[in-house]
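**Student:** Supplied in structure tokens, the structure appears directly below.
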Amino acid sequence: MLRLVIAATAVRLIGYDGTELNMELFWIFLFSSVYPLAWGQGVYAPANAQIVHSGAACNVKDDNISERIYTIKEGDTLVLQCIVKGHPRPQVRWTKTAGSASDKFQETSIYNETLRIEGIQRVQGGRYYCKADNGVGVAAIKSIRVDVQYLDTPVLTVHQTISDVRGSYYQEKTVFLRCTVNSNPPARFIWKRGSMLIEQSKDNGVDIYEPLYTQGETKVLKLKNLRPKDFADYTCQVSVRNVCNIEDKSVTFRLTNATTPPMIRLSVNDTVVVDPGQDVLLTCEVTAGFPLPTVTWSRYPGPLPLSAQVRGPTLILRAVTPADAGFYNCSAVNNVGNPARKNVNLVVRTMGNLTFQITPDSNKDSETIQMGRDLKLSCHVDATPQDKVNYTWYKNGAPVFNSDSLILLRSDPDMAPGTSSLEIVDMKFRDLATYSCVANFPGSRVPELRVDVNISQNSVSPPVLSVPSGGQMVIVRERGNAELVCLVVDGKPRPPILWSRTEKDLLMPSGQTVVETPDGRLRLRNVSRDMMGTYRCQTAPYNGLNIKRREAQVQLNVQYPPILDPVFQDMRSRNYQMVTLRCTVLRSNPARLTDIRWFRNGDFIRMPMPDLKETPELKFKLEPTNNGSYECRVSNTAGTSTCTFNVSAQPYNAEFYFDTPNPVRILKGNNYSYNLQWTQRDPEATDRIIGYWINIRKNKQNLLSKLINLKGKEPEKGVLISHTISDLRIPLSYEVQLAPITTYSTGEYVTRIIQYSEPYTYPRPSDHVCGFEDERICGFSQDRSDIFDWTRQNHLTQNPKRSPNTGPETDRSGTREGYYMYIEASRPRVQGDKARLLSPLFNGTSVRGPKGSGRVPYCVSFYYHMKGKHIGTLNVLLRVRSIASVDSVIWTKSGHQGPDWKKAFFDISPSGPFQIVFEGVRGSGFEGDIAIDDVSITLGKCKQENTVASAVLIGGSHSLPLASWLTFGLSCFLSLLYR
């Protein structure tokens, strides 16, 4: 039976990478998987914040030690990463200052360890701060200054000292050529006449200077009293001295005796009024200017309509709408003098609501129509343009003309602008009639509007406003619908009702200050508690008698279920301890409670009826049988709310420590180990934690499940627990699950991903080997001044159609998953094309050399693969940064070197901050791929390579007999199996 168990188990022996292990490797696995447990201080405030970059930086330098400056070209990608220590894991927040006020990043914060800005713009330069906070101690803050560099195309304009009445330049005139550019850093200017450089010291007829109070950087070339040779081509060339590889830019202008500034005229008047649906044609005719001016159209406010068509100097607007109204601007520019500009105000006719007012004799404070008194009828329409509206009055269908008893006012000074009034003086019985007001635009296709007012002793009376019985208080449940009612029960004509809030500065639910209702009914949908309050209803002063407003109020009372605290609470306790659950009522409308009930896992708990005026409480002794979800349901007439408590003796989750150092790489076998670290949240809240279950998974398959025994030592709050996981394969990643165990229960699993990543330390060289397994490639970057780039690849990502007989099959360690860097020699590459890979900039000046020496030795080592009949050259260059960067070749190899990876190493002694440059040069054909892997740059001279192979674990002079290994291994395996 025992042999059956062993045989069944042996079939399932797999390594962390998912491959089946042979017998010899299995014993190695057993003895290399001894898991030491370490304890240490864990919870601490964020510290040692550091900003590293992996974007397209032109340069990163230290200025006065304390300030780091990151220089980047406009349009490139900014990538900054904030590296910070602290437990629990700090939250990183990026903010920015010292930039343009228009930069939106100032108004918001980005919560992420990595800040990435695609296509960075000049306004996004400034100081960026990363702030890390985990609630413990003082937050850690680090900053870096980002300097965005750019060079715009310069603008060259020509000016003269006096007005040119004849349209040409005479030799006695002085001409100024003004060249303006925006750049960072400041640009250098060069002036040329034709192809010849203009030097002020060699030509008395020119003067070059910088004017005051100009926008951008400006240089002026002054031509004194024009000479025949001054009529030529002038070039203004600007340069920022190739910073960030920004090339020089230039602009050329031809000066002739016909050069003149632009002049234009419009085909229409300054203001154009049209009907909706009409087509509009605006032409901006150029009447003067050489060179021929360029005409452009713009609009204020907003851009040109989508339907607008620009054909040379003509702007065509098809079927205009009121939204197309605005100021249209025509500009003509030829860079001579000032641009010529003219604008047109386009007005589109519109007519809105037509309203009327009946005003009794205001001198007598009258509110009714009386014979022998004056009466005024007013008419107003919301129209554009308001001053073009024509009002016509009719009495019983006949036009009204001015007389002693009827007075027409085109614009009534006592009313809103654009209001027409008809005054009836000393009203007689003959004046009782139907009056009509008609508003229109003369000669327009916009339809006219008409309103009729019947004036008789029975047709006009003051309004009476009333709230229906019981309508003074409207009660509604939250999320329901409500109707507030104010009715005009008497009065002719009946005016509309205006609703508003009585509380100052409160808006109506629609977001408006006033809402008009024709029938006096205000309908509210999906009512919320913030709508509760007093609403005012008033008669409108229009479409009725223009008298003192009638007013009333309606109270809206919104009822809602109790608001409870807590909504949810996770409560942990030791078994057989008393637990108190308390559900506090914060607010309730109505305030009187109608019911309180407690439930466990959905089942009602029978207990004496609680006092509805007291805070609901439940006390009980926690036992393994009564763990679960407890609910307190509190009700009033508006509904029921719930407090939920998750009560358990289950321990809290472990909290992974995210500051774990980078995995330790074991070069032999291409394995690595990982120091898993965590703290236990509130370990004293529940029963004693005796250990942890750990599961290691890959591709959703369990590779190992193991109990970590704490051996009687209890976790302490904030104290770090460590556990080493070994025999992980580079560059595979693994899923680790961890759960605490008590005497009575097991906690929930928490998960984290272990992923091999190579450390990158800036700015000192580090002692690790860079195998390019991480996408960050250890801080290496592509040289943007070369022809093409190095490529990161492994066996799994190789192109199946790649060129045969060239390039490596796997990385240097021989694994299919391992990465390396290579150059692809296939098309479109041609012979001599170069690709350069730059190491990080190492600050060699921060390390002191041996006594009496100013230079420090470093060892550079790497593996290279050069297989193929067309192999070109692999060069290694040392780039030393000083006033100017100097490259020198320190290692080179050309031609076919065989099918295997080979190692190269050599010493360097740089004179300052330096970079190592790997330069691959394409050979004569496509079978010329070159690859590199496992690069290291370490302090000190290179050590001699060992010629004797390292001893293996099994065998050798100190190994036990194989039978002893098998016996010991079998006992360990059985103890694991039955644990």
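Each Cβ is built from the backbone N, Cα and C atoms, and glycine gets one as well.
According to TrEMBL, the protein has these features:
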| type | residues | note |
| --- | --- | --- |
| DOMAIN | 46-147 | domain 'Ig-like' |
| DOMAIN | 154-252 | domain 'Ig-like' |
| DOMAIN | 261-345 | domain 'Ig-like' |
| DOMAIN | 360-454 | domain 'Ig-like' |
| DOMAIN | 462-555 | domain 'Ig-like' |
| DOMAIN | 561-648 | domain 'Ig-like' |
| DOMAIN | 660-760 | domain 'Fibronectin type-III' |
| DOMAIN | 768-944 | domain 'MAM' |
| REGION | 793-817 | region 'Disordered' |
| COMPBIAS | 793-808 | compositional bias 'Polar residues' |
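In the displayed structure, how are the listed features positioned relative to their neighbours?
**Tutor:** Restricting the average to the domain 'Ig-like' (46-147) gives a pLDDT of 79.
Shown for the domain 'Ig-like' (154-252): DSSP residue counts in helix, strand and coil, namely 9 helix, 45 strand, 45 coil.
In the domain 'Ig-like' (360-454), the DSSP tally of helix, strand and coil residues is 9 helix, 43 strand, 43 coil.
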**Student:** Using DSSP, what's the helix, strand and coil tally for the domain 'Ig-like' (261-345)?
**Tutor:** 3 helix, 50 strand, 32 coil
**Student:** What does DSSP give as the helix, strand and coil breakdown of the domain 'Fibronectin type-III' (660-760)?
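**Tutor:** Its residues fall into 6 helix, 60 strand, 35 coil.
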**Student:** Under the DSSP assignment, what numbers of helix, strand and coil residues are found in the compositional bias 'Polar residues' (793-808)?
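**Tutor:** Within the compositional bias 'Polar residues' (793-808) the tally stands at 3 helix, 1 strand, 12 coil.
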**Student:** DSSP says what for the domain 'Ig-like' (462-555): how many helix, strand, coil residues?
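**Tutor:** Across the domain 'Ig-like' (462-555), DSSP assigns the residues as follows: 3 helix, 46 strand, 45 coil.
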